[in-house]
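The structure appears right after this line, and notes come after that.
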Amino acid sequence: MPSDSVLRLVWIYPDLLSTYGDQGNVLVLEQRARRRGIAVETVHVRSADPVPEQGDVYLIGGGEDRPQILAAERLRRDGGLHRAVARGAALLAVCAGYQIMGSTFGGEEGQPVDGIGLLDIASGRGAARAVGELVAEADPALGVPTLTGFENHMGVTRLGPGVRPLSRTVVGTGNGDGTEGCYAGRIVGTYLHGPALARNPGLADLLLTWAVGAQLPPTDDTWFERLRQERLTAVRPA
Ligand code: GLN
């Protein structure tokens, strides 16, 4: 992103996928960018509209099974997100949005539904719904502190060789194999709601750093840190 230009955030399909406050991820990115003197423009793209290709950071949230299937169909038909990612845009995909990025995911009857193939992952139905607090240690390469969040999903996700686990699960289910979420290039997928970026500002800054192409100055995270510590104390095993 050129230094004098505006950071463009794109919130995909708020009419289909926006559970558990995932829209808060957009607000957190806006606020953390502005605090660093970066001008921000946000576009909300409803599912009837084309996904613009010139965004810097794309965000997609969680949702119920049927809207998830509709969202996958529309994104595949539209192709705008694929073109944006090919251009090097960053993407945060949460829960249903995360599963959609893979090759396949479980529909409302557990039937396999085609994903859009932006991440080398495959999801299906787990034996039981994973509901509750999640705590996970992020891949040290990312330089992000312990992740916390809330999960509510039936899906389990298998990671292929083209992605790395975002984190190792300490409390909760995540992908279902001891890992939580994944990343590849500038794409992050996660089961963390909360919203994820309000509870994990390090993850927000990782996305901003990718988008801006430079390290960001530190910012006051007293309140974020207090929330994170509170959740850790509440749910972490002694
Ligand atoms: N429908 C998906 C599942 O149950 C995603 C749920 C969600 O986004 N919270 O796995």
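Using N, Cα and C of the backbone, Cβ positions are placed for all residues, glycine too.
Summarising the annotation, TrEMBL assigns active site, nucleophile to C95. According to TrEMBL, the feature active site maps to H193. Among the features that TrEMBL reports, substrate binding site is placed at R129. As annotated by TrEMBL, domain 'CobB/CobQ-like glutamine amidotransferase' applies to 9-200.
With a cut-off of under 6 Å between the Cβ and any atom of ligand 1, the recorded positions C95, R129, H193 reduce to C95. The secondary structure of the residue listed as 'substrate binding site', as reduced to three states from DSSP, is extended strand. All protein chains included, H193 (active site) registers 23 other Cβ atoms within 10 Å of its own Cβ.
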